[in-house]
Amino acid sequence: MVSNDADTGAPNQQASSMAPNPGKATILALGHAFPQQLVMQDYVVDGFMKNTNCDDPELKEKLTRLCKTTTVKTRYVVMSEEILRSYPELAQEGSPTMKQRLDISNKAVTQMATEASLACVRAWGGALSAVTHLVYVSSSEARFPGGDLHLARALGLSPDVRRVMLAFTGCSGGVAGLRVAKGLAESCPGARVLLATSETTIVGFRPPSPDRPYDLVGVALFGDGAGAALVGADPAPAEHPLFELHAALQRFLPGTDKTIEGRLTEEGIKFQLGRELPHLIEAHVEDFCRKLMAERREVLAGGEAMGYDDMFWAVHPGGPAILTKMEGRLGLAGDKLRASRCALRDFGNASSNTIVYVLENMVEETRRRKAAAAAAEKEAGNGEDCEWGLILAFGPGITFEGILARNLQATAQA
């Protein structure tokens, strides 16, 4: 599609952004926020062992190995030495600390969600008063009224804002939230839907134990933060849509409910990831993606088939093994999951938030390529942006969440 030059009204003879389709939901802006505590992966082992008063050499060696294999370099966390001084029982085995954890977590997730939402609204350029719906996602809190109402109050949204909360959806929650926001935006003309996600590992923090070696995976992999997206259809001239959201699918794999398991206890959330998770995703991901890709042919009335490398891939980076298994099963080129790997490297697995960071990475990559093209520079290995692609995440269930999307910032030749 060819856009018109904003100043002259004449067709733009240069590469232009894609035009959105009437009535289809688009992501109009993205935003993020993080707690103040930045953790360098190189210091995780010594810091964690010290903070939990653990001197077990085998556990330390295992955590050291895990910290290297996760590919994470930096993360942000709410937990701090100040919190442990105030609540030393959090580092004691068997202490009933759910109340303390929720006191910390409930406050932290609202604060981070508020900051991410405000950053998103600033990027959008609209007013908070124009937000008609709020979708809030978190697996890190438990209270009545829920975090959706606390966030609405913190932002000063209208009492008439229509709220939806998705709780305990885990890593698939960000894409699930986009699916819900898409439905609201397309069914309510003029709607502007604010999606906010916010997570912290405080509720699952506990000292290591030889009886629970899988706990160390979380220590080496997970991070905290918040993400936000503003979703709406039929963008106004002042709005700048980033992605257009088409078909959205959700699927659970029968018999896999124990593979990603979390239980609320007096000691916090006891969380466990099965070793078979990457293999299960590998075994089922292609069929799920093919079903989503078939929706594109319906959109284009039987348009030509696409290969996997003809698409962009915005994948929640649950861990390096999942990305590697996906890459191998689908035969993806080495740079197709770059945005996901960069998000994992910089922020760890931040649960539902992470898909926002992946999409932000993709937007930034597109901007860099456009800037290089405008300067007549060639950036080796970066290639061109793909118009169509998939936004994917995997969570408890095992649940697959996926959205067929268009990158509206990709360039179209006149």
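We count from 1, first residue shown onward.
Note that Cβ sites are derived from N, Cα and C of the backbone, with glycine treated the same way.
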Which listed span TrEMBL calls region 'Disordered', if the choices are 1-21, 43-63, 190-210, 379-399: 1-21
PLDDT averaged over every residue in the domain 'Chalcone/stilbene synthase N-terminal' (18-235): 96
Other CB atoms, at most 10 A from the CB of Cys171 (active site, acyl-thioester intermediate): 29
